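Enquirer: Below you'll find the structure I mean.
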Amino acid sequence: MSSKGSVVLAYSGGLDTSCILVWLKEQGYDVIAYLANIGQKEDFEEARKKALKLGAKKVFIEDVSREFVEEFIWPAIQSSALYEDRYLLGTSLARPCIARKQVEIAQREGAKYVSHGATGKGNDQVRFELSCYSLAPQIKVIAPWRMPEFYNRFKGRNDLMEYAKQHGIPIPVTPKNPWSMDENLMHISYEAGILENPKNQAPPGLYTKTQDPAKAPNTPDILEIEFKKGVPVKVTNVKDGTTHQTSLELFMYLNEVAGKHGVGRIDIVENRFIGMKSRGIYETPAGTILYHAHLDIEAFTMDREVRKIKQGLGLKFAELVYTGFWHSPECEFVRHCIAKSQERVEGKVQVSVLKGQVYILGRESPLSLYNEELVSMNVQGDYEPTDATGFININSLRLKEYHRLQSKVTAK
């Protein structure tokens, strides 16, 4: 069979993408396997050997951890992004980062196709493909789980296992957990399997990034986190003096401390972009600490009205990231506006991390809008109390008129 051309497969080394690799070869493609090191616990060399053994023409293992932190996580921290009030977007942020490198490899290797193992019901198919089409409009995407010839052949995990046996694909000796997991530097997600029943509690042993808060240390870690332009630039453990200043090391250290204290666990039902609700359990240790610390220093340094506008932009940013529009012009515009709002978000925040909680202890900033003398109950400062009378009278006018009308309506 003559080759249909080269395809760059986003490969994880797991059962699904290993079967997809072999299946793509069956279809006549030359497969280039691409593994993104985005902070997950993975034996990358073992995955490389496995991909080559299964017939991959080339294997690229790309460490994108630092750019993931600096170019994707930091903008999310600046924006205080939460999807539907709770989800810190760990998976959503990783996908455009992974896809960007996948497209780079495809262009460098002259591949016309890219492929992924995302299911036809989830958000990731959208995130991967919108990123790929944005960065390389001529690229063609092969999405096996949306192709009838694939999903009619592989109707479940048992079919994949049988295919793996037939084609010499190594199968894990230990039974797979009855749920799916996806990990990166920012978080780990758990879904599907027994978790599809939203009533089922997370089974013991599910969580891997964080300690059970009930079993966490009884003594807190006190951290001082320094921000410049809304980005963390230094973290210091006040108790033992440990300091980290580079982005990746800082983030990894916060993951370690937060994980030890059981910080960052959530169990939610969310609305997928394609229209269905899904249940997800997430651990986002460092991201949770930084969310709270950044929120505090931002409130301390940012003008009230600017912050109201910025909060709206943060909601839009979260929606765009969740739905896969990272590379869209509107998301670029929103990121630029948020970055502008962060120019004076500078200072230090002290936090206590204890038994699943993050407590703000104090903050300081050379650019704070907080005026201790002005707000003091003991010092009048540059404020005339009698001015408040007119302020209250003007603001009460609208309320008086509204209730005057209500009285008339009620009387009738």
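Note that Cβ sites are derived from N, Cα and C of the backbone, with glycine treated the same way.
The ATP binding site annotation in Swiss-Prot covers 10-18, Ala36, 115-123. The phosphotyrosine annotation in Swiss-Prot covers Tyr87, Tyr113. Taken from Swiss-Prot, the feature L-citrulline binding site covers Tyr87, Ser92, Asn123, Arg127, Ser180, Ser189, Glu270, Tyr282, and the record attributes it to experimental evidence. Summarising the annotation, Swiss-Prot assigns N6-acetyllysine to Lys112, Lys165, Lys176. The L-aspartate binding site annotation in Swiss-Prot covers Thr119, Asn123, Asp124. Among the features that Swiss-Prot reports, phosphoserine is placed at Ser180. According to Swiss-Prot, the feature phosphothreonine maps to Thr219.
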Enquirer: Is the residue listed as 'phosphothreonine' helix, strand or coil when read with DSSP?
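Expert: Its secondary structure by DSSP: coil.
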Enquirer: Among the binding-site residues Gly13, Gly117, Gly120, which residue has the largest number of other Cβ atoms within 10 Å of its own Cβ?
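Expert: Answer returned by the neighbour count: Gly117.
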Enquirer: Using only C-alpha positions, which one of Gly13, Asp16, Lys112, Gly117 is spatially nearest Lys165 (N6-acetyllysine)? These are the recorded positions in the record.
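Expert: Its closest listed neighbour, by Cα, is Asp16.
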Enquirer: Between Ala10, Ala36, which of the binding-site residues has its C-beta surrounded by the fewest other C-beta atoms within 10 Å?
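Expert: Ala10, out of the binding-site residues Ala10, Ala36, has the fewest neighbouring Cβ atoms within 10 Å.
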Enquirer: Among all chains shown, work out which of the recorded positions Lys112, Arg127, Lys165 has the most CB atoms within 10 A of its CB.
Expert: Arg127
Enquirer: Determine which residues of the same chain, besides Thr119, Asn123, Asp124, have their CB within 8 A of the center of the CB atoms at the recorded L-aspartate site, and list them by sequence.
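Expert: Output for this site, in sequence order: Ala118, Lys121, Gly122, Gln125, Val126, Arg127, Arg272.
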Enquirer: Could you check which of the binding-site residues Ser92, Arg127, Ser180 is the closest Cα neighbour of Gly120 (ATP binding site)?
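Expert: When the Cα distances are compared, Arg127 comes out closest.
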Enquirer: At the level of the C-alpha atoms, what whole-angstrom distance separates Thr119 (L-aspartate binding site) and Arg127 (L-citrulline binding site)?
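Expert: Cα-Cα, rounded: 12 Å.
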